[in-house]
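Database features (TrEMBL):
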{"type": "DOMAIN", "residues": "607-781", "note": "domain 'SSD'"}
{"type": "SIGNAL", "residues": "1-28", "note": "signal peptide"}
{"type": "TRANSMEM", "residues": "279-304", "note": "transmembrane segment"}
{"type": "TRANSMEM", "residues": "366-386", "note": "transmembrane segment"}
{"type": "TRANSMEM", "residues": "612-637", "note": "transmembrane segment"}
{"type": "TRANSMEM", "residues": "649-671", "note": "transmembrane segment"}
{"type": "TRANSMEM", "residues": "677-701", "note": "transmembrane segment"}
{"type": "TRANSMEM", "residues": "731-750", "note": "transmembrane segment"}
{"type": "TRANSMEM", "residues": "756-781", "note": "transmembrane segment"}
{"type": "TRANSMEM", "residues": "1085-1108", "note": "transmembrane segment"}
{"type": "TRANSMEM", "residues": "1115-1135", "note": "transmembrane segment"}
{"type": "TRANSMEM", "residues": "1141-1166", "note": "transmembrane segment"}
{"type": "TRANSMEM", "residues": "1187-1216", "note": "transmembrane segment"}
{"type": "TRANSMEM", "residues": "1228-1251", "note": "transmembrane segment"}
Amino acid sequence: MEWHSPLKLPWTLLTLTALAILVLNTSATEGNWTTKHEAGRCAIRGQCGKQSFFGGELPCPDNELAKEPDKETRQKLVEICGKNWSEGDVCCDDNQIDALSSNLKRAEPIISSCPACKENFFNLFCTFTCSPDQSLFVNVTAEQEASSGKFIVTELDNLWSDSYGEGFYDSCKDVKFGATGGKAMDFIGSGAKNYTQFLKFLGDKKLLGSPFQINFPRPTAANGTQKFENMTAANPKAKACNDTEEAFRCACVDCPVLCPELAKVTEQEYCHVGALPCLSFAVIIVYSVFLILLVTAVSGHVAYQKHNQRKSERLQLLQDAALSDDEDEGDMVHNAGMIDRPQRHYKLNTICDNIFNSLGRTCATYPLITIGVSVLVVVVLSMGWINFEIETDPVRLWVAPSSAAAKEKEFFDENFGPFYRAEQAFVVNDTHSSGPGPVLSYDTLMWWFDVESRVQHRLSPEERVTLSDVCFNPTGEACVVQSLTGYFGGSFSNVDSDTWQSELRHCTESPGSQECLPDFQQPLSKDIILGGYKDGDVLSSEAMITTWVVNNYQPGTDGEARAMDWEKGLQSVLKDAQREAKDMGLRLSFSTERSLEEELNETTNTDAKIVVISYIIMFLYASLALGSTTLSVRSILHNPANALVASKFTLGVVGIVIVLMSVSASVGLFSACGIKVTLIIAEVIPFLVLAVGVDNIFLIVHEFERVNVSHPDEDVETRIAKALGRMGPSILLSASTETIAFALGAAVGMPAVKNFAIYAAGAVLINALLQVTMFVSVLALNQRRVEDSRADCFPFLKVNRADVGSTHGAGAYGYDDEGPLQKFIRKAYAPALLNRKVKVTIVVIFLGLFTAGLALIPEVALGLDQRIAFPRGSYLIPYFNDLDKYFNTGPPVYFVVQDLAVIERKHQREICSRYSTCDSYSLTNVLEQESKRQNISYISGSTASWFDDYFTWLNPSNKPCCVEHGETCFKGRDPPWNITLYGMPEGEEFIHYLTKWLHSPTNEECPFGGAATYSTALVIDPSQHPPSVPASHFRTSHTPLRSQSDFIDAYASARRIADTVSESQGIKVFPYSKFYIFFDQYASIIRLTGTLIGSALAIIFVLSSFLLGSIPTGLLITLTVAMIVTDVIGTMALAGVSLNAISLVNLVICVGIGVEFCAHVARAFMFPSKSVMEKAKGKYRGRDLRAWTALVNVGGSVFSGIGVTKFLGVFVLAFTRSKIFEIYYFRIWLALVILAALHALVFLPVGLSLVGGEGYVDPESDGSLEEDLAARRYRALLPEDDYDSDDY
């Protein structure tokens, strides 16, 4: 981390206009005091006195001939002005030359890096002061009598040609002053934009500037005529920064025309057709062609059918008699559908059926042992909670420990220390109905000076420390507080009610002026303390900005504790100030380093309540819905006591408890393995497992009720075995695909996704195991309770009035194997869905949705706006809004160089920029060039180069800088200090002076000292021989970054620049900025998302095809899940949900939930239940029959078990105060539940009826139709029976 070095430059010296002479004048006598203008004649000479005691010496008016100086004076003149002055008369004396030398040498450090600028600057003032032809271009226009009795010059015209003025300005306009990272023109010309402004600033009379007025009029009028009679503008040839003479040529960093052209950056261009991305355009075209072909095919089919109808009535009747898969439901043959029932057996399914049949029988036979073992295993696994830890550090959440970004941050912190803690406040005037207005006023300044004083003296609540104890203090004299108050010395007593506005304007224009420097001696740029000003007028600023810079420490240290404690006190002061600001009609927003974590914790606490309520509602619904699966209104009316026995509320609660047990066991198991829990896991895993678990519970219970009706005389163990034998393979299909799909995420480096995937895979697997063991045992016990007429929830109470026989003669006592939902699906929904025209419509609509989802994928943005992470009403939201609107400075970025042997000349040239032999593509040269294409590089401003400033510090012309043994370093050295690096320090000498420089203070006499500026910018390893510099950094800054895309692009650009330099120079360079660690994920998140989802879909295809014995069906399941995920991504684009780690986790969940919705329907299609199939009584054939059977068999369970349960839970999330929950959970999960339910219960059955694979015999569907009817007793004989053939 570096520090902008303090700079104290008496601007008297810089405007070397004051260079030769002095004296202020308020009562000067005006007129033309230079009466003769001719070669060899002077206009001013010598020093004739002062205007005041504190004033400087001013020149005498002297229109006499130039004179030959004495030898000593000549030597001084040549030493300062060059060999061109080694002979001839001059118009200056010894005293003037001494003053000239002193002042030029003080200004030299600012411009010395560019020899052309220095030469032109020196030449202008040497010529002005000593030229023998002075009267030709200098005309004294005002003088007055000094206290000495002599006349002194108070104003004059200094005539220079336009070509020289322009050349002079051009040679200096791009020169950088390394100590501040700013431009030299900001100091010597107040940021002048052209040469006239530059010369005007040099000549204007001002406090601590020129002590008398020097005008630089243009020598010619607009029409080209000479404006001054007998005068000729001085017109020496100005040296150019790219001068042909190598001695005057500047380095690339100070002279853009000398810089090599960087390779053109090929920006990532996305293919577009007009305004549409190519992907969107392509899928729309494909879908349009599909619609055209479909319309053509349908039209042709209709025309063909009409043609056939006209041919023969007999042929038409024959066609009606032959029912096909595609025929309408009006064309049927009674009982013909059973002819098409599957006849084949799938060996794998038979094996799975037998295994689950045996497992179900065992668990039902020994329920207490099974439950005990299950609980014991869960308890043992849950003991891992002892090691339970929640990972809240965003760095460890979003970035893989092995990633480059994590390693680079660790390297930076270890070598240069953690980045500063920034505390910032905005005072804004935008509370009025008329809109924002100027915030600056005398009263506002008075109040804000008081606020800052309170902050400075506030004792922290626990550690009792003040700002001075924790602040960053590079000079040892003052804390770094970047505020407008710094322009006034931090004291309101320095603010004059009449002049504060002009003083403020002056300081924002010349922040390096002596009178404008704050106590910590860093020039304050207006962009970091004021915002919202218009047309460059700082008095129109809508916001004042104050930043307190506090030292940072490694986490968990005492230093960090002290800093955080002080921040707590700061928050208290600023909260009081917020109320005061409101009373003044202003608004105050602020943030401290600890604020972000505090507000995120507040969000978590807020979310926790909503999440708990959401889960409770899902638990209650699941328990109640499960209990009412077969309990009809007719049964309750027939005998209300039956409701007490037939209720399954306890069973539902146990099912939910099993879900929680699986979560607990998973957390315990992986906590014991040292895998930390994240907030995403805590909030999402229960939701996911509940979706999977409740569905499976519904399926098992519903199937068991069917077996109860179809096999009432079998014992409980056999009925349980049959139910699990049928549903077990379906659970195996969904659980295995989900577990493996989630487990794929464990290969991801990002901990937030990796840990979620591990916990999710474990929870889903454990949940499935508990369901087919423990839940089945509880189901057996529950059935025995029912058959023993004991009350639900209170099994020790026997309900004597209950119809005990109802458990075996279900139909007779008002029980049914169908609930209202199943009846609706069988009688209305399934028949309507399988209508031929409806099928076509559904395919068109869902493919249209898929097309829309694909077309919207390019519109999904990347990033996570941190404002979303805060609860509504958080005080940080206005702060971040103000930061975006008013703060016009980008974050600093450091280019870190590793293991470079900088003691060798070869490597010195690879990083330097201010010396003529530096490599054209050295690190700092490249950064300089990149700053000139900010729209691509996002790099702004100059680079603070420790190497360049270090060697500048060695320059003997900067006498106060490097002093050793009482002598100026490099004085009289052979070879002398030079800009070619020839003879400059290497090896141990380099390290010797480098160590000395790093301990050299930065002060008024020497602004190049390294102690304050670069003490933490490089590391010297003394253990090596010779000592080395294993790490150093070069600081620059980004442009203001306003959006997530700006941050992402800036990080990518910095990475590109570092890689380019590393490759071209053969050195190790990486970029670092505080925000990089959070945006590293976006460098790979698109590829990661595609890889995860693609791999999961591949696993789904392989497993479903294998377990179902059908590639077409497996492919259709995979396609349906892909459509669900694609449509969810499209919804993200429409709902403003960006892609980041949170939404990536949700997309992985989409895959899991999608499989859960689809797997059971697909398996019920491939292995149709014979008893359900027979209910169709010939109405459907082939795939239609099996699709109808699948919907009737499991459609209700899927809808109520997942759809309704999840919808209720998601609906509650709409009431959260957290924007992150609203956007990333409510919006995505709501879209997921709706889209997954629609695809699984609408599109998938239609797709299966069209292209599904050939079915197999279900091993559990044994027995004939007569046996089944007999088992159901006389149900088919009841006239009001729902299965009457006319009621389909």
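Cβ coordinates are placed from backbone N, Cα and C, and glycine is handled just like the others.
Just so you know, TrEMBL annotations are computer predictions that nobody has curated.
Ranked by Cβ pairs under 8 Å to the transmembrane segment (1115-1135), the stretches 279-304, 649-671, 1085-1108, 1187-1216 are led by 1085-1108. The transmembrane segment (731-750) makes no contact with the transmembrane segment (649-671), as judged by fewer than three Cβ pairs under 8 Å among residues 6 or more apart in sequence. With a cut-off of 8 Å between Cβ atoms, the residues of this chain six or more beyond the transmembrane segment (1228-1251) that come close are 325, 687, 830, 833-834, 838-839, 842-843, 846, 849, 1112-1113, 1116-1117, 1119-1120, 1123-1124, 1127-1128, 1131-1132, 1135, 1137, 1143, 1146, 1149-1150, 1153-1154, 1157-1158, 1161-1162, 1165, 1183-1184, 1186-1187, 1190-1191, 1195, 1198-1199, 1202-1203, 1206-1207, 1210-1211, 1213. With a cut-off of 8 Å on Cβ pairs spaced 6 or more residues apart, the transmembrane segment (677-701) and the transmembrane segment (1141-1166) reach 3 or more such pairs and are scored as touching. Note on the transmembrane segment (279-304): residues 271, 273, 840, 844, 847-848, 851, 854-858 of its chain, located 6 or more positions outside it, place their CB under 8 angstroms from a CB of the stretch. For the domain 'SSD' (607-781), the model's average pLDDT works out to 80. Here the transmembrane segment (649-671) has long-range neighbours at 374-375, 377-378, 381-389, 619, 622-627, 677, 681, 685-686, 689-690, 693-694, 697, 701, 755, 758-759, 762-764, 766-767, 770-771, 774-775, 778-779, 782, 792-793, 795, meaning same-chain residues at least 6 beyond its ends whose C-beta is under 8 angstroms from one of its own. Same-chain residues lying 6+ beyond the ends of the transmembrane segment (1141-1166) with a Cβ under 8 Å from its Cβ atoms: 346, 397-398, 680, 684, 687-688, 691-692, 695, 699, 729-730, 733-734, 737-738, 741-742, 745, 750, 752-753, 756-757, 760, 764, 864, 1081, 1085, 1088-1089, 1092-1093, 1096-1097, 1100, 1104, 1107-1110, 1113, 1116-1117, 1120-1121, 1124-1125, 1128-1129, 1132, 1186-1187, 1189-1191, 1193-1195, 1197-1198, 1202-1203, 1206, 1220, 1224-1225, 1228-1229, 1232-1233, 1236-1237, 1239-1241, 1244-1245, 1248, 1252-1253, 1255-1256.
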